[in-house]
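Quick look at what Swiss-Prot annotates:
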- H2: Ni(2+) binding site (BINDING)
- C73, C76, C89, C92: Zn(2+) binding site (BINDING)
Amino acid sequence: MHEMSLCEGIRGIVEDQARRHGFATVKVLRLEIGRFAGVEKAALGFAFDVVMRGSAAEGARLEILELPGRALCYDCGEEAAIQDRFDPCPLCGGGRLMPVGGDEMRIKDMEVQ
């Protein structure tokens, strides 16, 4: 389950930010996760609760915001939102697409005290 290692990375970031900015508790942590990032949300939620024990984020509410998949179409030259990596271009129907977004994962923000 790679969600556990993702949460370990998040914990490291939270602990670093707590030291830098002097907060003791994270109330809410918001993640932006791309549609194609390959992250199982339920597994991430479980791993988050386990990995954050004993940290500033213990008991924090995890909010996941899904970012859309995006691709550049080589047929029409436009960038468009796609639901699946193998979808045709929604603008022209072309099949030559290069994904340009939707595989990212980042901490958007945290509510702290």
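Even glycines carry a Cβ here, placed using N, Cα and C.
Feature annotations (Swiss-Prot) mapped to structure.
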residue: H2; record: Ni(2+) binding site; Cβ contacts under 8 Å, 6 or more apart: none
residue: C73; record: Zn(2+) binding site; Cβ contacts under 8 Å, 6 or more apart: E79, A80, C89, L91, C92, G94, R96, L97
residue: C76; record: Zn(2+) binding site; Cβ contacts under 8 Å, 6 or more apart: C89, L91, C92, G94
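Put plainly, the binding-site residues C89, C92 were compared by Cβ crowding within 10 Å, and the winner is C89. Compute the center of the Cβ atoms of C73, C76, C89, C92, which mark the site for Zn(2+); besides them, the chain residues with Cβ within 8 Å of that center are Y74, D75, G77, E78, A80, P88, P90, L91, G93, G94, L97. Annotation note: C73 (Zn(2+) binding site) sits in a strand segment as assigned by DSSP.
In this structure, C92 (Zn(2+) binding site) belongs to neither helix nor strand by DSSP; it is coil.
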